[in-house]
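Data block below; observations after.
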Amino acid sequence: MADVAESQENAPAERAELTVPEMRQWLRNWVGKAVGKAPDSIDESVPMVELGLSSRDAVAMAADIEDLTGVTLSVAVAFAHPTIESLATRIIEGEPETDLAGDDAEDWSRTGPAERVDIAIVGLSTRFPGEMNTPEQTWQALLEGRDGITDLPDGRWSEFLEEPRLAARVAGARTRGGYLKDIKGFDSEFFAVAKTEADNIDPQQRMALELTWEALEHARIPASSLRGQAVGVYIGSSTNDYSFLAVSDPTVAHPYAITGTSSSIIANRVSYFYDFHGPSVTIDTACSSSLVAIHQGVQALRNGEADVVVAGGVNALITPMVTLGFDEIGAVLAPDGRIKSFSADADGYTRSEGGGMLVLKRVDDARRDGDAILAVIAGSAVNHDGRSNGLIAPNQDAQADVLRRAYKDAGIDPRTVDYIEAHGTGTILGDPIEAEALGRVVGRGRPADRPALLGAVKTNVGHLESAAGAASMAKVVLALQHDKLPPSINFAGPSPYIDFDAMRLKMITTPTDWPRYGGYALAGVSSFGFGGANAHVVVREVLPRDVVEKEPEPEPEPKAAAEPAEAPTLAGHALRFDEFGNIITDSAVAEEPEPELPGVTEEALRLKEAALEELAAQEVTAPLVPLAVSAFLTSRKKAAAAELADWMQSPEGQASSLESIGRSLSRRNHGRSRAVVLAHDHDEAIKGLRAVAAGKQAPNVFSVDGPVTTGPVWVLAGFGAQHRKMGKSLYLRNEVFAAWIEKVDALVQDELGYSVLELILDDAQDYGIETTQVTIFAIQIALGELLRHHGAKPAAVIGQSLGEAASAYFAGGLSLRDATRAICSRSHLMGEGEAMLFGEYIRLMALVEYSADEIREVFSDFPDLEVCVYAAPTQTVIGGPPEQVDAILARAEAEGKFARKFATKGASHTSQMDPLLGELTAELQGIKPTSPTCGIFSTVHEGRYIKPGGEPIHDVEYWKKGLRHSVYFTHGIRNAVDSGHTTFLELAPNPVALMQVALTTADAGLHDAQLIPTLARKQDEVSSMVSTMAQLYVYGHDLDIRTLFSRASGPQDYANIPPTRFKRKEHWLPAHFSGDGSTYMPGTHVALPDGRHVWEYAPRDGNVDLAALVRAAAAHVLPDAQLTAAEQRAVPGDGARLVTTMTRHPGGASVQVHARIDESFTLVYDALVSRAGSESVLPTAVGAATAIAVADGAPVAPETPAEDADAETLSDSLTTRYMPSGMTRWSPDSGETIAERLGLIVGSAMGYEPEDLPWEVPLIELGLDSLMAVRIKNRVEYDFDLPPIQLTAVRDANLYNVEKLIEYAVEHRDEVQQLHEHQKTQTAEEIARAQAELLHGKVGKTEPVDSEAGVALPSPQNGEQPNPTGPALNVDVPPRDAAERVTFATWAIVTGKSPGGIFNELPRLDDEAAAKIAQRLSERAEGPITAEDVLTSSNIEALADKVRTYLEAGQIDGFVRTLRARPEAGGKVPVFVFHPAGGSTVVYEPLLGRLPADTPMYGFERVEGSIEERAQQYVPKLIEMQGDGPYVLVGWSLGGVLAYACAIGLRRLGKDVRFVGLIDAVRAGEEIPQTKEEIRKRWDRYAAFAEKTFNVTIPAIPYEQLEELDDEGQVRFVLDAVSQSGVQIPAGIIEHQRTSYLDNRAIDTAQIQPYDGHVTLYMADRYHDDAIMFEPRYAVRQPDGGWGEYVSDLEVVPIGGEHIQAIDEPIIAKVGEHMSRALGQIEADRTSEVGKQ
């Protein structure tokens, strides 16, 4: 893009005396000839670029014009004067005179809405080339004049460079640029993104997430504090290059790529992750995107759409496409890769990637929130140049216009601007045009000695395109922060096309002070999009008015009293509010004028002054400083604590004050896993942080792994908390507490005439019954208000006796005045009454260790005693005559119980209070109870819960009852616990109620309640409150920990603590691009003369979906082809090219895939495809459940198994595990019947021996599930070469039905094909009717398969099958394991009747039938099963329990099962597998079938003990079997944890561990608490699980007896209780449940140790519902399965599906394929090692 230059700026034509019309005619002729049009057809008013004139034409035209006229022009004239009309005038008449002197009268003041407020920049983040990854790094680079431009990094664009022609183009292109070092890295765990999704997310989205976090952290705004707030997100982005990778092969493109590569999601993903509720917009205006985004953010703040804005831009150079395009255009990219803005040698720009983000607030809001304001945006504007001189050509008129608009918006004269951060692309066209526009607006009218300074950050970081404006803003903000303008580099001298002096511009080439022409530093920032969208932002330094609160405007003089006819008005403020926040109306003011309250008494002032003097004379001790550390995950919290401790030991950390460190930490994000270290100095802080990092307890350290889910209950205690000096220290040292003490003091003076403050300040005060109550009330109010000042609030309150008054206030039930009145009346009456007591009228109170039931029995011996307080489940406060109180105390002590007498003369809450009730009623007349605003657990109303918003309760009767009747404190606490509350905070000068709270919570089964005191006798009161609030914060309750620190006076008050560390891992899609098509599935295609088709495919990696390959190949030739059946013969080796051959036949084709390595070919896949758009429906047998056909578009019944992709069902292990070696497809000439082949297929799929299959029983009753049905369906289609079969035809039928179906299809292929074609237009109902007609009369009844029973088999009635779902308890549950399957089948075969379900009661058999069943079972189980065993078994499950012992015995030596023995002589490395929870290693048979046929496998069965104890037993046996190695250790579920533990044990002994495979051994996403409360919850879940699984009702579990038992004891206790209750669960299942429970607990409690080696985690998508039901914390999965923090080299292989599916087909095929490659590499390495020896 060229620019304009002129040797004679305003000189008219000299060589030819032409007129303007003549010049126009000449130009028309020239242009017409150049573009091939008749001159007369040329429109002089149309831009010449639209007529077809190119830049190259313009150069030639300029030379001809110079020859003709003598006027030297450059190409830029064509852009400044785009039409023939304009250009001719310019050539003949020259440029019009420009008045650079300016017009002093021009008004630049703001006009328009008052909302045009200034906007504060409070946070900044940068990610620029050259390792400018923080604002500090960026500033240092700018100040030093460094750049981040490099050659194309190794590996960049490697996906594209495999294509030779593309590689050649890249090699010859100008590819120097600004590249980020780690564009592929992303911390997916931190941002809670699964690996697969992270791989599919555009790096621009990842950058936006990280930059937002860093910007908020830089702003010291906790991201957590903005959740749900009106936070706007505006992000510029103009490319989505990553989509090229995501869809490079559309056949495997992941759905995550839809959102992952969408530009709109860049901003949306930020809003989603951070839970921002303001506008969320991605802006694309090309190179001005990020500055336009900032402008829109400013507007959103001004118009109220947002209260905080995150704005900026991102850019990533993922593909070479744009770079190649610009390079081939020419004159765009700089040959040396450096941008030379406004320089004489400017020759183009350099592409760069990166991003920057700003955090914006309204200035007033930033000042209110105590934010550090970095700079201020005074104004901004955007525009477009409209239909100018070409879509992508810059336009100086439009640029000048946007400048004017921006400075008008700011209300600033542009002549006072100090510095312009220019767009400055370094092109010979763009720079002169930009300079011209600046000269017209910013330079106009300036004195020559006050030029506008000019620079461009592009010279340092390159052109970040959509993020360019963010980079420019970052530079200006940093320059303002450091009060220095950094140099613009690569400047060789002024461009010859720019008159700097005339335009009053000056380039900065050295660090320069801000000139402050207008009295303060002022800058403008420009960005221009190549599509014509222009933006300019005006930025200034922070002024005193920005950070100093404005003086309040004086209140107007009160108006005179209104005339009667006038409406009443309020003097002063427009509105007034009462203490509840309600508007006070004029009438209310008139009716109830506020009485003037007394102030602080002179005596109190004297005492206060003396106390302050005493305090000042004391030795100053360091304050207790809270250091908050948190993270989403506990492991990250620990790592952050460790890093902070290390930093605090560094010189920088030691030089930073503890308060500055705590203040900085308080403004970090507050994650769910929190800790607070309370410290007086650095040493204490470091010790505490080390304890957090190690997960250990320590003094003044509070740490929890997750938040409490319910809010705190504020406990307002009663009598007993009083002591001398209570509240005094806090009053003297905390202004908030002091202010509220004085408020209550004024009200008490008004009520009683004496000062509470005097009592608090009097060190000799001995509190009486009256003064105790009033003073505790005052302290409670002040404590609560202090907590509320720091953001704390109760979820509910509970008062105890005198505490009811403060409770009523905090619940919103009474105003402070009325609450004070209540406590004053109560206490005064009690004080007066006690003073009059003597002799026989004296009553005492005592606490005794008796429960409510016990105290009633004891009271039979003490008739005059009464209950005052039900304090705890085993503690009661009683009152009565002294002799009876002394007697009950003696009795309790004699019984070994706790007993304590109170120092009182009266007994409140007893009949002794009766004389006071009348006076109390009179005293409290006029109080106004209101509806509570938070929950109340009322100890007056027997602990009942009062909901917020309910009817008012605090009337006079409430206070009478509260004084006279018993206090139900423990009832209220128990109700709170039962309502889910676990945190109890006592507001008192000394904790007196927490002990009773603890006793009650423990009795309720809550053994880890959070019991938090406020003040305590003989403890520093300020430190106590800091500790209280730290605990509230740690438990996740409302508490703004920032408020625990004084307001910062400047940056020096914040420590430069370590930032959040992202743990980035590579997330990248393995796309490949190739011109020969071989990397695009199915590969390069060749049609052969014999009608066959061949494809050659070069897969991008070893993980090839062979079914997808076949489908892709078939679709080339048969667009409607559907994969009918397939068989995988082998696993392709690494580096193999796949050759697919297709041979057509009527109705479809056969397809084979061979793996080719060099000239060697191996058949790996054999498949059959059919010509079908949807499945053909084969007829089912009459007498079977009708198979409902599902045509295209027809709805599928809910119970129909989902037919996902063929890819999952075609990777079938039938041929590799069960089918005889070398078996081919069925043929009628083979001599094998359809029934024989069908028996093999179904038996192998369902785990039955073919001879055990009862043919008359519906398959679903035999235990058929969706996966089995799909496997049978596909195998039948493949073996019998049939069109697709309906799944319901398999699922709902018995074997006779399926056999008849196959026979019919084999004999009537043409008819079936026609039926399929016809059904494409039919509904499901029509298909069903046609099917019935087709089969009418053609199929006979089913026949018995076995005559052993000696009776005829019954025929199904009315063609109906039994309901397979069996809703009744214990009814129609199908077989679940091998033992139950063989037992079920044997019973059905011998008796000729289906048992129905394993729990169904069996009919009585005769001895002959029982003997036949016993004989058959003995043969199958290879163990003695007797007829007595059969006759005494009530159901199949019970009989199967006896069979199971022998059936599973197998080849077991001790705890080692031989699954496949290795040959005696050598052989391959064996695979050692470990049992899953509650199961045996037989489950690994599907995996064995997926590994090479000569791979030995040994299973390690269950032993008792913890994970570590089991490994200690396994490791010696492993060494005995395998010596020094190499070892391959594999396990599913618990087996994975055992494999891992054995790997550690072997490595410690120096053994060679080559492979550790964890098959979905995924740890819980949250730490599982090991508490007594968790025991109760765990067994509740177990009961629900058992009832669901075994269809039984579990009796009530005696939790209280479980708490003292270990896991083994608990499970035995519970299972014994279940058995004794009459629930019939056989012993085998009981033992299975015992081992399952203990095994799962072993996983939960395992102490995972670090492993320095490679571990492969085969990870499913989720746990199955039963696992989550038993332990809900397994519902959450970390992206690394919870192993990342322990394993140095973790490989995660996603396998999909649920946990329970991971060990079976089809998912195990994926595991086997990957593991086979690993085993092959191990064998290759062994061979290599042997060769070297």
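For all residues, glycine too, the Cβ spot is worked out from N, Cα and C.
DSSP assigns Cys287 (active site, acyl-thioester intermediate) to a strand segment in the three-state reduction. Note on Cys287 (active site, acyl-thioester intermediate): other Cβ atoms within 10 Å of its Cβ, all shown chains, come to 27. The active site, acyl-thioester intermediate feature in Swiss-Prot is assigned to Cys287.
The number of other CB atoms found within 10 A of the CB of His423 (active site, for beta-ketoacyl synthase activity), across every protein chain shown, is 30. Annotated active site, for beta-ketoacyl synthase activity per Swiss-Prot: His423 (among others), in sequence order.
Among the features that Swiss-Prot reports, active site, for beta-ketoacyl synthase activity is placed at His463 (among others), with the record citing sequence analysis. Taking a C-beta cut-off of under 8 angstroms and a sequence separation of 6 or more, His463 (active site, for beta-ketoacyl synthase activity) has the following same-chain neighbours: Cys287, Ile339, Tyr349, Thr350, Arg351, Ser352, Thr425.
A C-beta separation below 8 Å, combined with a sequence spacing of at least six in one chain, links Ser801 (active site, acyl-ester intermediate) to Gly718, Phe719, Val869, Ser908, His909, Thr939, Gly962, Val967. As annotated by Swiss-Prot, active site, acyl-ester intermediate applies to Ser801, with the evidence given as a curator's inference.
As annotated by Swiss-Prot, active site, for thioesterase-like activity applies to Ser1533. If you draw a 10 Å sphere around the CB of Ser1533 (active site, for thioesterase-like activity), it holds 28 other CB atoms from the protein chains shown.
The compositional bias 'Basic and acidic residues' annotation in Swiss-Prot covers 548-560.
With helix defined as DSSP H, G or I and strand as E or B, the domain 'Carrier 1' (17-95) counts 53 helix, 0 strand, 26 coil. Sequence annotations record features per position, and here Swiss-Prot assigns domain 'Carrier 1' to 17-95.
Taken as a whole, the domain 'Ketosynthase family 3 (KS3)' (116-541) shows an average pLDDT of 94 in this prediction. What Swiss-Prot records for 116-541 is domain 'Ketosynthase family 3 (KS3)'.
Under the heading O-(pantetheine 4'-phosphoryl)serine, Swiss-Prot lists Ser55 (among others), citing experimental evidence as support.
Residues or ranges marked as O-(pantetheine 4'-phosphoryl)serine in Swiss-Prot (evidence: experimental evidence): Ser1266 (among others).
According to Swiss-Prot, the feature region 'Disordered' maps to 548-567 (among others).
What Swiss-Prot lists as region 'Disordered' is 1344-1368 (among others).
In the region 'Thioesterase-like' (1470-1563), helix, strand and coil residues by DSSP number 41 helix, 21 strand, 32 coil. The feature region 'Thioesterase-like' is assigned by Swiss-Prot to 1470-1563.
Cα of His423 (active site, for beta-ketoacyl synthase activity) to Cα of Ser1533 (active site, for thioesterase-like activity): a distance of 58 Å. Following the DSSP three-state reduction, the secondary structure of His423 (active site, for beta-ketoacyl synthase activity) is coil. DSSP assigns Ser801 (active site, acyl-ester intermediate) to coil, not to a helix or a strand.
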